[in-house]
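S.K.: Got these off TrEMBL a minute ago, pasting:
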type	residues	note
DOMAIN	409-473	domain 'Mechanosensitive ion channel MscS'
DOMAIN	480-566	domain 'Mechanosensitive ion channel MscS C-terminal'
TRANSMEM	189-206	transmembrane segment
TRANSMEM	276-299	transmembrane segment
TRANSMEM	311-331	transmembrane segment
TRANSMEM	360-380	transmembrane segment
Amino acid sequence: MSLQGYPHRTGRRVRWAWLCALGLMLAIAWPTAAQIAPTLPSTSNPPSQVKRFGNVEVAPVRLPLLQTPLVEVTAPTVYDRSDPAQQQASVEQRAAQVSANLNRGLDRFRDAGRIQVVVSQLNGEPILLLSDGQSQPIRLVTVTSLDAEYNGLSQAELAEQWRSQIQAAIERSRQVLSPRQWFVTLREVARILLIAAIATLIFWGIQRELNYRAAQLEAQQRAAAAAALESEAPPEPAESEPVSRLLLQRSRLLNRLRHSGSLEGQLSWNRGLRWLLFWLLIAIWYWASFRIITVTPILDQFRDEWLNVPIRLMGLWFASGIAIRIAHLLIERSAKAWDRTNLLAVEGDQRRRDLRITTIVRASKGLATVLIVFAVLLAVLNTLGLPASSVLAGSAILGLAISFGSQSLVKDLVNGCLILVEDQFAVGDVININGQGGLVETLNLRVTQIRDAEGGLITIPNSTISQVRNLSRTWSRVDFNLEVGWENNVDRVLACLQQVTEQLYAEPEWQALICEPPEVLGVDAITHQGLLIKVWIKTQPLMQWKVGRELRRRVHQALQAANISIGRPQTVCYWPELEGQKPSAEAIARGQR
């Protein structure tokens, strides 16, 4: 298992975590939305741009070019806008008519030197007119008593206020369309883009240097891992069996885990700086876009919207990245503290403890990432106007869906937690599950991946793991059985085996692999083939195969030297015509007929 691409795989896992969490959100919200009847337009409620205050409704008048609210006109409340017999005009119709009058006046007087808004009287009420001083003026709006009452002014005072506001808006709109203003705006936009481009080039250079440094650190990691692999003794010719390949795979995995951590701190800082530069680039271009919107009058209407939802979404995105990194840092610090206090020690096996800590840290990081992403998605839904409470209201339906359609997923997660808590196995162990054996390369709350002796990667859902045979937990044992013939002296055979095992244990090379003095247990069974003698040798984890092979080689040589025969199947045949020539018991024991 290569650990050099772990940062890239971490990024992919984070993206997959976002996608999975988004799918979970949709799974929660979709059943709830499906059960809610579609909301039909209400004839008693006013449109979104209309505000109702009892028997008075208010709507804004917008300048067609800038789309910024100029004044607010009023009208008596219309309770049923779908009634064809309704004779009274609604407030939104009045506001639309005023906007249309403004648009028509600006179009007619676009070539005039000056456009003026004047106050006049019609039927005792003030009205606003749009005039160029030469042609017939255009009537804009009548200032009604309801308008004056709503604004708390007299009709004359309100008419003068509206006149000044509309006059200023018209002059501004004409200024926006002037060539001089467009030149000033384009020059300012070019200056802003130039600043953003220069900052981008500077950050790009820093980013390139950080990428080069990261490549150097990863190359050093690979070189250290390769040096560790080269320092390993090559497998002996007798160890070409699949079990020996598993031993070699495990040794290489442990060396990679050990050497990859030495430079991981520098790589973490490097990744953190690159992530910070990425966000600085986003901030620079967000500032540039906001400044462009601000200095461009025709875009100024979008300034508030650009400051609202986008910046909140980016803030949530940034906060999620910070939270994930802090959570991962706390998990790593906690793991180091546990390691120092020996809370996870298993019979003093340092390597075993390190493997278990590594496995728990990886699973905990994945769980923390999913939880943070889930919380951020709830905040995103709330920011977009979808209340999280309505999403969480579908949790009952989600539970029902999980109980019927996702039972295996829940079982996988529960069983994965139990595997970690009970320390059934960890990354780097050699195990046998449901007849599938190999080296554990990946262990998370969902699946376990093992690599068999032929290099095949086997993925096993945790819910299907009911019984695990761990071949590398704490210690192993050589279970050696030897069947010798009837004609051999039992005590002589036992003494021969005792001598062979003692000689094996006395050699330093093999004593390092054997935990305790070998035990020659004695005669374990008597069959027609001979006498079954059992020998136990307690070894270091996964060393039982290597020690067993050496033991069998030495036993074979010792049996040949002592002229001890192994057991063989025996058969006795009788013929009635040869009844008087029945072989003796001694002949049968010697295999004669």
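Quick reminder: no glycine exception, Cβ is built from N, Cα and C everywhere.
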S.K.: Could you break down the residues of the domain 'Mechanosensitive ion channel MscS' (409-473) into DSSP helix, strand and coil, giving a count for each?
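M.R.: For that range the per-state counts are 17 helix, 25 strand, 23 coil.
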S.K.: Per DSSP, what is the residue tally for the domain 'Mechanosensitive ion channel MscS C-terminal' (480-566) in helix, strand and coil?
M.R.: 40 helix, 26 strand, 21 coil
S.K.: Cβ under 8 Å, sequence separation of at least 6 from the ends of the transmembrane segment (276-299): give me the contacting residues as numbers and ranges.
M.R.: 65-66, 172, 175-176, 181, 185, 188-189, 192-193, 195-196, 199-200, 203, 206-207, 210, 306-307, 310-311, 314, 318, 321
S.K.: Find the average pLDDT over the domain 'Mechanosensitive ion channel MscS C-terminal' (480-566) in the predicted model and report it.
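M.R.: Mean pLDDT, the domain 'Mechanosensitive ion channel MscS C-terminal' (480-566): 90.
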